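Below is one structure, written out as structure tokens; the observations come after it.
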Amino acid sequence: MRVLLIEDEPEMANLIELTLASEGIVCDKASVGVEGLRLGKVGGYDLVILDLMLPDINGFEILLRLRAAKIKTPILILSSLTDTDQKITGFSSGADDYLTKPFVREELIARIKAIVRRSKGHAASVFRFDKVSVNLDARSVEVNGKKVHLTNKEYAIL
């Protein structure tokens with residue numbers, strides 16, 4: 001999984017990057033909105049994590065510009081703004097989820113996995129076909145209860 005993190009606070013960005021890395025999630029970081037907007041438009045991300053209070057462009061503006069550019073990548077707003085009106089504005093502007101700071105790491109990971117799973121059309125994270133079990137969260141496959149090692153290419157084809 002590949003995530004774009006648009007966050008201007010270096011300590012917070014590093015904490016999030018380490019949290020994602022511990023789950024095997026690749027994270028590209030942008031510390032200013034202009035760079036985040038450029039990377040978001042390039043695409044190839046499974047999710048964008050967006051802070052609202054950036055030094056150059058308001059996060060809502062980035063969200064609106066990405067959606068205006070027909071970027072369908074799910075966007076999770078991660079902000080210290082806790083006001084209900086801010087959350088509603090985020091959802092109305094095209095955000096898929098909104099998590100307030102401070103947050104619990106496990107909740108962030110759970111939300112990321114759920115958003116990405118839904119965006120790919122999967123309501124459940126484990127699928128079973130006869131003797132084959134595929135776990136989308138763990139990216140693992142079992143046949144007759146025994147784990148099968150697959151390359152990234154093989155897993156993508158599956």
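Each residue, glycine too, has its Cβ placed from N, Cα and C.
Residues or ranges marked as domain 'Response regulatory' by TrEMBL: 2-116. Averaged across the domain 'Response regulatory' (2-116), pLDDT for the predicted model comes to 94.
Non-local neighbourhood of ASP51 (4-aspartylphosphate): ILE6, GLU7, ASP8, GLU9, MET12, GLY59, ILE77, LEU78, SER79, each in the same chain, at least six residues away, with C-beta under 8 Å from its C-beta. Feature annotation from TrEMBL assigns 4-aspartylphosphate to ASP51.
TrEMBL lists 124-158 with the feature domain 'OmpR/PhoB-type'. In the domain 'OmpR/PhoB-type' (124-158), the DSSP tally of helix, strand and coil residues is 6 helix, 15 strand, 14 coil.
For the DNA-binding region (124-158), same-chain residues at least 6 beyond its ends with a Cβ under 8 Å from one of its own Cβ atoms are 24, 113, 117. According to TrEMBL, the DNA-binding region annotation covers 124-158.
DSSP assigns ASP51 (4-aspartylphosphate) to coil in the three-state reduction, outside any helix or strand. Residue counts of the domain 'Response regulatory' (2-116) by helix, strand and coil are 53 helix, 23 strand, 39 coil (DSSP-based).
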